[in-house]
């Protein structure tokens, strides 16, 4: 990122932080015109993908019980509610925002490894929460954290905690020697099966047919996942949201590209 872009982004964040503090002090007299604007992507530029095997400086809990969710979901800080929907590699947060309207009482988490993109989503959520503070859908149930799901997913979630997991337009890693870095592999699927409850659903969507075939094959071959048919996909509201709400999906649509969807149910563990 250029120094000029970085300084503009920093100035933008400082301006919005000042506006947020001012709005808190003047809350009783706040007007619709004083509501914060959504952040602008051009101040948060970053590469399209990040190497998951790099030694990123990441914070993660020792175990799920050590995770302080109240910092991300202040409205639920004194409740027993837990995250039940995870968007792995959430990008700019479009899917979470779409899901928040459909599941306003369900805690939804986006995990994103890229620094600038995570900061953008953080600011976007803050702005949405303040803009819709008194609305039925107030976006208090969505949050984002910077994390590497390929390494630390079990540090965040208990066994069987999640009911839905989304993998939207993941890095295709075209070169064969890079396939080990794909987000869907046999080893990783076992971890996803661990945090996904029985009858939970794993959703995938991509515009790369070769990657779609790869993901379907690995999920088909895994004993704890069973593919849901096209009729189920047609009637599932989350598929519709996933198909049209992500920024990458909208880009594919503008370019008249294809989208390949596959959804799998988490089946019961085999009897020992």
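Counting begins at 1 with the first residue displayed.
Each residue, glycine too, has its Cβ placed from N, Cα and C.
For reference, Swiss-Prot has these:
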ACT_SITE  171  active site
BINDING   89, 112, 113, 148, 149, 168, 246, 247, 248  S-adenosyl-L-methionine binding site
COMPBIAS  1-20  compositional bias 'Basic and acidic residues'
REGION    1-43  region 'Disordered'
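Here the features listed in Swiss-Prot are painted onto the structure.
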residue: 89; record: S-adenosyl-L-methionine binding site; contacts (Cβ under 8 Å, 6+ apart): 111, 112, 113, 149, 167, 168, 170, 171, 183
residue: 246; record: S-adenosyl-L-methionine binding site; contacts (Cβ under 8 Å, 6+ apart): 91, 94, 95, 168, 169, 205
residue: 248; record: S-adenosyl-L-methionine binding site; contacts (Cβ under 8 Å, 6+ apart): 91, 168, 169, 207
Other CB atoms within 10 A, centred on the residue listed as 'active site'
18
Run through the Cβ atoms and count how many others sit within 10 Å of the one on residue 149 (S-adenosyl-L-methionine binding site).
22
Test of understanding: give the count of other CB atoms lying within 10 angstroms of the CB of residue 113 (S-adenosyl-L-methionine binding site).
21
DSSP output for residue 89 (S-adenosyl-L-methionine binding site) maps to coil
